[in-house]
Amino acid sequence: MKVLWAVLVVTLLAGCQADVEPALEVGEPAPEVREPAMWQSGQPWELALGRFWDYLRWVQTLSDQVQEELLSSQVTQELTVLMEDTMKEVKAYKSELEQELGPMAEDTKARLSKELQAAQARLGADMEEVRNRLTQYRSEVQTMLGQSAEELRARLASHLRKLRKRLLRDAEDLQKRLAVYKAGAQEGAERGVSAIRERLGSLVEQGRLRAAQTSQPLRERAQAWGERLRGRLEEVGGQARDRLDVVREQMEEVRAKVEEQAEAFQARLKGWFEPVVEDMRRQWAELIEKVQVAVGASTPAPSEKH
């Protein structure tokens, strides 16, 4: 990561060596400005800048439609919207990267932020100058002070070429600085993750040792408590067995007393009922005897035949 950052810084410094474009005479062929294809598929700010670039390229054609709209405020209004969208996306992306620069040293972060802010301001100034130049052209066309429309268009085309080239240069400079900013954020994030990983590893090891140191006394206390509990259970079991024997003896004593009382009660009942039974038997025998006597007395004697 450090090597990548160093390469990006060298590239950034090399890109800052901008050549001053000489002024073009009217009718002189314009040098070809390479198209930034990378703006078509990148960060949101790059896409927004690509839309500004495409619109500027259309204006630079100075077609009849362009010249007609230049006489109104249509073109400058469109450029204003595109410029504001681009700068808004640049600020959003910069803020996103700043949030990732937490672990980076404050002096490095301040330096990178200052350089990035300057590149951002240059890009905004380039777009602002394009808009101002088109506004100036509209005023010149409306006044036409000793100049022909052809001369005004040629001068505008020359200025737009220079501004377009400067815009491309400053956009690439901003792009490189943002790349450096992002590389710093990634390196800082990796450092932070590495530090967190080391810290967590240390905490885990400390926790493991502390747990081992704490668990040993706990195991010893649990073992001692188990021994005491086992002894207490054996003691309680012995007491319960002794108590059970006592209860069994008491139950035997109660059973013997109950049997004794039952036998006594049975003997008492027998003593009560035997005389009554004998008396009833005697009375019954006497009654039967009386009945037999009465029956015999009432029967007539048989008569003799003469």
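Glycine is no exception: its Cβ is also placed from the backbone N, Cα and C atoms.
Not measured: the values here are computed from a predicted model.
As given in Swiss-Prot:
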- Met144: methionine sulfoxide (MOD_RES)
- Ser148: phosphoserine (MOD_RES)
- 81-252: region '8 X 22 AA approximate tandem repeats' (REGION)
- 125-146: repeat '3' (REPEAT)
- 213-230: repeat '7' (REPEAT)
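Confidence for the repeat '3' (125-146), expressed as mean pLDDT, is 88.
The Cβ of Met144 (methionine sulfoxide) has Leu152 as same-chain neighbours under 8 Å, each 6 or more residues away in sequence. Long-range C-beta contacts of Ser148 (phosphoserine), restricted to its own chain and to partners at least six residues apart, with a cutoff below 8 Å, are absent.
Under the DSSP three-state reduction, Met144 (methionine sulfoxide) is assigned to coil, being neither helix nor strand.
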